[in-house]
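**Student:** Here's a structure for you.
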């Protein structure tokens, strides 16, 4: 009963879209004005539009790895320290504050003054953004960082559920095969973690699952809103994170956790606020580079790069932060990677057709290979 009411509420708040096919991200490419044109590609104010496509791709790949590897390292460093473990939601508040400042600066630099998406949609987006990032950050108190990354890699599963409930989407065979591979790999990875990890709790699994559910809903609501109202990325970031900041500030006050967290973090002000600034900055810049990568290399190339980045993040986590290891991590993680690439291929019509016809072609080849020549001649 509650689930049905929640789904109906989500559908009513999310804006209705005209009958048109998804444009593969073209709306996001053009919504920010001149800065989003194909002739003006900048990373940290460095113009890369004059480079060859291959060099643009390499520069974007290098930037993604630099920003997001730093982001992952700082996230594990901040949210797993014994002295700051109980301050996860307060650290998320600081991150939201920095993101809001970055959004204001970006809108000023781009000359964006008008809000296009209704506030009632932003109230929902802010709530979902708070759930996504807050639960994700705080789950590190109860889970290993690699386990958290594996869970986040499996975002396809709740996204598919959200797409079916909110946007009435229809998914193909490869999407469901991808979801099955991800579920199996995620289950095996979690079982391995629960057996050998000193930092494992069902509370952490619950929190990261809540983060994924919020992430699934936010992706669908954002897509519908930005396509209809032609809002810029900077606007969505500013309003989503600022309203989320207000939500979380009020929650921390009424829960009585604000002042104790401030007192704990004030013992290490340079470390806490300095590293939080770098954490938020690398995440914000990483988002911008991924958007450029989508525009220059397509969604397939961007997804491939970000998937490789997550794999490297897991390796770095094992190298820099002491934790036990088992080979079950490896092959269960490979199952998740297989699911990710099946999902990527399902978005490419040529690859999707090749994969779906591959079993039949293989069977025909085997039958022809082992059929006696005398029968073939007859």
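Yeah, the Cβs are placed from backbone N, Cα and C, and that goes for glycine too.
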**Student:** Of the residue ranges 198-218, 303-323, 345-365, which one carries the transmembrane segment annotation in TrEMBL?
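**Tutor:** Feature transmembrane segment in TrEMBL: residues 198-218.
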**Student:** From 39-56, 57-74, 147-164, which range did TrEMBL mark with transmembrane segment?
**Tutor:** 57-74
**Student:** Going along the chain, which residues at least six beyond the ends of the transmembrane segment (57-74) come within the CB cut-off of under 8 Å?
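**Tutor:** Answer is 43, 48, 51, 145, 149, 275, 278-279, 282-283, 285-286, 289-290, 292-293, 296-297, 301, 305-306, 309, 312-313, 316-317, 320.
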**Student:** Out of 89-109, 198-218, 238-259, 327-344, what stretch is closest in contact terms to the transmembrane segment (121-143), meaning most Cβ pairs under 8 angstroms?
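**Tutor:** Most Cβ pairs under 8 Å with the transmembrane segment (121-143) come from 198-218.
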**Student:** Which sequence-distant residues neighbour the transmembrane segment (238-259)? Criterion: at least 6 residues beyond either end, Cβ under 8 Å.
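**Tutor:** 89-90, 92-93, 96-97, 99-100, 103-104, 106-107, 115, 117, 119, 122-123, 125-127, 129-130, 133-134.
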**Student:** Hey, which of 89-109, 173-192, 198-218, 271-293 has the most Cβ-Cβ pairs under 8 Å against the transmembrane segment (327-344)?
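**Tutor:** Answer is 173-192, with the largest number of Cβ pairs below 8 Å.
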**Student:** Does the structure show the transmembrane segment (89-109) and the transmembrane segment (198-218) touching, where I'm treating 3 or more Cβ pairs under 8 angstroms (sequence separation 6 or more) as a contact?
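**Tutor:** Counting Cβ pairs under 8 Å (6 or more apart in sequence), the transmembrane segment (89-109) does not reach the transmembrane segment (198-218), since there are fewer than 3.
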**Student:** Give the nonlocal contacts of the transmembrane segment (271-293) in its own chain as ranges (CB under 8 Å, at least six residues past its ends).
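**Tutor:** Those are 28, 41, 43-44, 57, 60-61, 63-64, 67-68, 70-71, 74-75, 77-78, 84, 91, 94-95, 98-99, 102, 233, 237, 265, 301-302, 305-306, in sequence order.
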